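Engineer: One structure, pasted below without further comment.
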Amino acid sequence: MEQQQQPEATAHQHHRDDNNSSSSHSDDPQVLSPVSANTAIHKDVALPPLPETHDATAATPAPRAGLKSRLQLSANRLLSLDLLRGLAILVMITCNAQMDGAFWILSHPEWIGFTIADTVFPSFLFITGCTLPLSVRADPNPAPGSKYYRNNAIRILKRSIIIWGLGVILNLYGLVQLHAPADQFRWPGVLNRIGFCYLVVGWMHLLVLAYGRKDERPLSVSYLFRSKNKAVDTADQRLVEEEEVEHGAWPWFVRVTLPYYLPVSCLVIWLICTYSVQVEGCPSRAMIEVPKCSPQAYFDLKIFGKNHTYRHLEFDPEGSLSTLTSILNVWFGWYIGCTVRTLNAQVKQITSDFKAHHEATSTGGAVISEIQALEDEILEQEILVRIHLEHCNTWFWYGLLWTFTGWLFSLGLPLSKPSWTATFAVMSSGVSQTALAVLFYKFDAQPKASRLEKLHRDHQVYLSNNQLSHHHRPLPLDSERTVSNRSNYSSALALYYKADHFLRHWFRRSVIVVLGSMGRNAILMYMCSELVQGTCSLIPGGPKDPVTGEDGPDLCSAAYKNTWGALDIGGWSSLFYSLGFAALHVLLAIFLDHKKWYFKV
């Protein structure tokens, strides 16, 4: 199978060891401020005081080992990126493990088209961009001569070289697998492309942090020219000349539009190269529909040569020209990553404000009643839910917009993953963004909304059970109310409610464990799957053909033919076999996640 999907390695740098103190978690850009837990209120039990919001630098006990600790770890994290990465790596392993007669929706189109398999590699590029703003932040202490940005630029360069080196290792192993000579080494590759795109967008991110948007004065006549501001030192009664500051429409325009120079430049260069070249022997230019006459084939043959392309084709799926448009996927992810940073900053500010309010009230000598503490917690949770839903709606609708835009322009410029056309880059980025929004709503925003609903219910129970009226019957606990309400149900309906609760409750936890474990070790899972499949192709799984003398099937092919391949069910045989192969990697990922062993770059 075509091996074009690859997880990005840079996202793992934000994971922290759970044995560390919470101060290390406070540096994790994906950790959201925890919300204090509350319990149901009974008429005979007073409302417990609102738990203190602990400082981010305060030490917390290490989570317990096992499945429960993994779920507790995920409860305070922004799960969406981990789950999207895990989903992409799971689909990638399933697609690459397909055998003869592959399941149609999990196979790549030969040239023009768009399937689920085509969304995997763009998703890794998208997540690579998302993690950049989370891992590289602005200089916290800017000072003249600071080497903060230079050190981060070197760190990004080292990381990209490591990713590129891992791709070279896989390509060298491919030579061994195919028994090919060294002069047929393939320079392009999945990891090679990820490393290059990460380097370009990472340096752009540093440039935006250093010279991007800054506080500027409004546009005016004096704003259009450079000037030296002078201030009067009231202490010494003398003029103090401040440092010269550039003011003008052009510097302001450059700073505001700086993040958009990279995607526009890549798109313009790609369009010029696409519609200006003509392959020798082809009747016209820009024949994107024909692989041999496509601009992708023209540049790949000129730069790499046919001996160094994928399977010695006229083009390479991770070739030169298509790398320009793949940068667009990373840039779209980078843009969403900036909004994630904004989300985390807003959540941190809200929790800090409420904590300061409680501390100021306590310091002033005022006694906060139980009902007031509960109402403050409800208000805080309402603000957090609104912030999460606003970001979720923005990501979702803009994701649909990019998906529709890519599809609309594909009527003139076809969708092609091997050529990685501009329409494919935009549409795949929209699909990745929409998937991230759905996961964010289900696993990040919805639990907070459920928490808010529980707080409102506790508030109503508290008011009902603590009023002085003798004509009001106190409300029972949730468990008592549930039992009393369902006592009149038939046994079949009660069984339905239990099954529904079980499926919803454990399905969510299963998704967190499976996809979260895969996402936290994505690069290791990719390397493992590629090396396992390559090694199986070298191990004979049967004797040679006595008539023709040809080698027998390899180990993977023999395992497939003796299991699912023996059944006459078409592409479903290949699907079930690939799902079993992916399940082995899921078990390995869960074990590594339980041991807290992570491969980081």
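Just so you know, the numbers here start at 1 and follow the chain as drawn.
Backbone N, Cα and C atoms are what each Cβ position is placed from, and that goes for glycine too.
Keep in mind it's a predicted model, so treat the numbers as computed, not measured.
Relevant sequence annotations retrieved from TrEMBL are reproduced here:
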type     : residues : note
REGION   : 1-35     : region 'Disordered'
DOMAIN   : 77-201   : domain 'Heparan-alpha-glucosaminide N-acetyltransferase catalytic'
TRANSMEM : 156-178  : transmembrane segment
TRANSMEM : 190-211  : transmembrane segment
TRANSMEM : 395-413  : transmembrane segment
TRANSMEM : 419-441  : transmembrane segment
TRANSMEM : 574-592  : transmembrane segment
Engineer: If we skip the immediate neighbours and take only residues 6+ beyond the ends of the transmembrane segment (190-211), which ones have a Cβ under 8 Å from one of its Cβ atoms?
Structural biologist: 3-6, 8-10, 121, 124-125, 128-129, 132-133, 136-139, 149, 152-153, 156-157, 159-164, 166-168, 170, 255, 258-259, 262, 318, 323, 326-327, 329-331, 334
Engineer: For the domain 'Heparan-alpha-glucosaminide N-acetyltransferase catalytic' (77-201), how many residues does DSSP put in helix, in strand and in coil?
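Structural biologist: DSSP classes over the domain 'Heparan-alpha-glucosaminide N-acetyltransferase catalytic' (77-201) add up to 87 helix, 1 strand, 37 coil.
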Engineer: To what whole number does the mean pLDDT across the domain 'Heparan-alpha-glucosaminide N-acetyltransferase catalytic' (77-201) round?
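Structural biologist: Mean pLDDT across the domain 'Heparan-alpha-glucosaminide N-acetyltransferase catalytic' (77-201) comes out at 87.
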